[in-house]
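Data block below; observations after.
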Amino acid sequence: MSKMEAPKLSLIIISLLLTNLRSIVSSPDNHRYNVGDHVPFFVNKVGPLNNPSETYQYYELPFCGPDPVVQKKEFLGEVLSGDRLTSALYKLNFRENKVAETLCHKKLEGDDVAKFRDAVINDFYFQMYYDDLPFWGFVGKIEEDSWTLEKKSLKYFLFKHVLFDVLYNGNQIIEVHAIGDPNQVVDITEDVGVDVQFTYSVVWNTTSAAFDTRMDRYSRASSLPIHLKIHRFSFINSAITIMLLIGLLTLLFMRRLRNDLRTRFSTGDDEDDREVGWKYIHGDVFRYPRNKSLFCAVMGVGTQLLTLVCSLFVLVWLGILYPYNRGTLCTALVILYSLTSVVAGYTTASFHCQFAETGWERSVLLAGIMYAGPLFVIGSILNVVAVSYGATAALPFGTIMVIILLHAFLTIPLLVLGGVIGYLFRSEFQSPCATKRYPREIPPLPWYRDTPCQMFLGGFLPFSAIVLELQHLYASLWGYRIFTLPSILFIMFIILILITAILNVGLTYIQLSLEDHQWWWRSVFCGGSTAIFMFAYCVYFYTRSSMSGLLQFSFVFGYNACMCYAFFLMLGTVGFRSSLMFVRYIYRAVKSE
């Protein structure tokens with residue numbers, strides 16, 4: 001090799017290395033770009049501002065679109081969340097400013113104008129993604145034209161120019177906004193065809209914000225002092241409620257129950273007349289409840305859902321679940337429900353086998369359909385409604401098949417596996433007192449001590465402790481607020497469980513003192529009754545909001561019914577477990593004396 005060729009070869013090798021290094025450092029995968037690099041840009045959906053669940057694909061409105069329109073491959077959770085990311089004509093290369101760049105020339109026919117006008121009337125917004133950053137903008141605006149003696153006249157305008165304001169730090173994108181230019185509009189008040197030239201501009205500005213904190217602005221509104229003050233007030237309110245309940249329960253143990261435990265416990269039938277209250281029914285209090293298989297299924301599914309909720313909080317602490325991590329929450333819910341089905345099978349079978357060694361298969365079958373069955377029925381109905389509207393909430397056939405196959409090949413086998421394990425490691429029900437052959441007759445009770453009144457008391461107090469946080473939760477589920485304080489939500493969930501447990505212990509003691517031994521199912525109903533108040537609050541929340549339309553109505557009440565039903569099963573399980581521990585304690589204590 002000549003001396004002249006060696007430097008040339010070295011330059012070629014260095015240039016190739018620099019090119020490869022640039023391709024490694026600059027990539028959409030690590031969100032680092034060089035000047036002029038292509039940055040992923042997708043349009044997602046459009047929808048009315050007041051109806052968050054009613055969204056449609058971006059090109060349902062006659063915007064300028066590529067030919068052909070390419071839809072981005074999405075995961076299960078993204079489809080369940082209603083995301084439909086598709087390609088666009090916008091070209092926003094890194095740090096390249098553009099002024100009045102033409103997107104397309106389009107002839108809008110009368111039908112197209114009518115679609116845009118309806119979108120403007122309903123305050124439609126659009127959502128796009130740039131470098132995985134979501135941003136929004138409005139389709140058009142409404143202006144008052146003139147006033148008459150009869151009515152005011154309105155004019156409707158379509159934004160034909162969009163300004164993209166992008167902030168960057170070094171070689172990373174930090175923030176993006178889309179602003180419709182109010183001075184560049186098209187009058188779409190009348191159903192008249194019009195030629196429109198859609199344009200856009202791109203302005204790049206530097207910022208000192210770090211890339212790791214670029215998602216914080218989406219949750220900044222939830223961290224305002226007024227919101228933090230409400231969270232603190234909610235926490236103080238719940239803490240006071242639970243302290244009062246603990247005080248009342250302590251008083252119950254210190255006075256009434258202590259006096260009861262001092263008296264001798266009789267086992268002979270000839271001495272039953274000398275005993276009153278809860279001791280009098282010692283031979284019936286551990287009598288197995290009616291509908292044993294159904295009761296065991298409730299315990300199994302309630303325990304499963306409790307495990308699922310705790311697992312979600314663990315994922316939040318690990319940083320896997322965070323705002324605008326597209327579809328991750330829905331994916332986590334589907335997978336965790338399948339994985340925790342082994343808990344439902346084990347709990348159901350083991351609890352059933354404490355009463356009888358046979359028939360546990362029926363209980364496990366009921367556990368498999370107790371929550372999944374109503375959820376599937378309601379989800380199918382809502383999917384039909386979404387399909388009729390053409391909304392993005394409609395699930396494609398492929399997604400439905402994935403869910404069915406996941407249930408068939410993962411959920412059901414794990415449920416059966418858990419049931420088999422529960423049967424193999426079965427144990428007998430530990431009862432401090434022997435159960436008599438025939439149940440005693442329950443004396444008549446006043447109406448204010450019957451099940452409905454106990455359910456009202458057992459549900460209203462826990463609900464009053466969480467109502468402020470419930471407002472924030474519903475605003476994030478059926479609105480645009482982001483719940484950014486998962487630690488507070490977890491604390492409130494623990495407080496809800498504690499209040500439910502304490503109340504059920506007190507209500508069970510009152511019931512047994514009135515010589516009513518049918519406490520098994522009642523403890524479930526009293527514990528789960530908080531879910532009834534939660535659903536009632538959903539009705540109140542809907543009436544106070546600006547939501548409207550059959551689609552939004554169906555989704556709010558349909559999915560909220562599923563959520564409240566899950567809370568009924570969870571809190572009902574908590575209510576029974578706490579009551580069972582209390583009943584075993586008092587009868588074991590008095591038996592030992």
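Using N, Cα and C of the backbone, Cβ positions are placed for all residues, glycine too.
TrEMBL lists 1-26 with the feature signal peptide.
Sequence annotations record features per position, and here TrEMBL assigns transmembrane segment to 233-254 (among others).
The annotation transmembrane segment is assigned in TrEMBL to 294-320 (among others). Counting same-chain residues at least six beyond the ends of the transmembrane segment (294-320), those with a Cβ under 8 angstroms from any Cβ of the stretch are 328-329, 332-333, 336-337, 340-341, 343-349, 351-352, 355, 360, 363-364, 366-367, 370-371, 486, 490, 493, 520-521, 524, 566, 569-574, 576.
Marked as transmembrane segment by TrEMBL: 332-352 (among others).
What TrEMBL records for 364-391 (among others) is transmembrane segment.
Residues or ranges marked as transmembrane segment in TrEMBL: 397-425 (among others).
Within the chain, the transmembrane segment (446-468) has long-range Cβ neighbours (under 8 A, six or more residues past its boundaries) at 230-231, 233-234, 237-238, 241-242, 245, 492, 495-496, 499-500, 503-504, 507, 510-511, 514, 522, 525-534, 537, 571, 575. The transmembrane segment annotation in TrEMBL covers 446-468 (among others).
A Cβ distance under 8 Å defines the sequence-distant neighbours of the transmembrane segment (488-507), meaning residues of its chain 6+ beyond its ends; these are 231, 234-235, 238-239, 241-242, 245-246, 248-249, 252, 309, 313, 454, 457-458, 461-462, 465-466, 469, 473, 522-523, 526-527, 530, 571, 574-579, 582. TrEMBL lists 488-507 (among others) with the feature transmembrane segment.
Feature annotation from TrEMBL assigns transmembrane segment to 519-543 (among others).
TrEMBL lists 555-576 (among others) with the feature transmembrane segment.
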Contacting positions for the transmembrane segment (519-543) when only residues 6+ beyond its ends and CB under 8 Å are counted:
285, 288-290, 295, 298, 451, 454-460, 462-463, 467, 470-471, 474, 478, 496, 500, 503-504, 507-508, 511-512, 553, 556-557, 560-561, 563-565, 567-576, 578-580, 583
Contact yes or no, the transmembrane segment (555-576) and the transmembrane segment (364-391), 3+ Cβ pairs under 8 Å, gap 6+:
yes
Take the transmembrane segment (364-391) and find every residue of the same chain, 6 or more past its ends, with a Cβ under 8 Å from one of its Cβ atoms.
53-56, 60, 82, 293-294, 296-298, 300-301, 304-305, 337, 341, 344-345, 348-349, 400, 407, 411-412, 415-416, 418-419, 550-551, 554-555, 558-559, 561-562, 565-566, 569
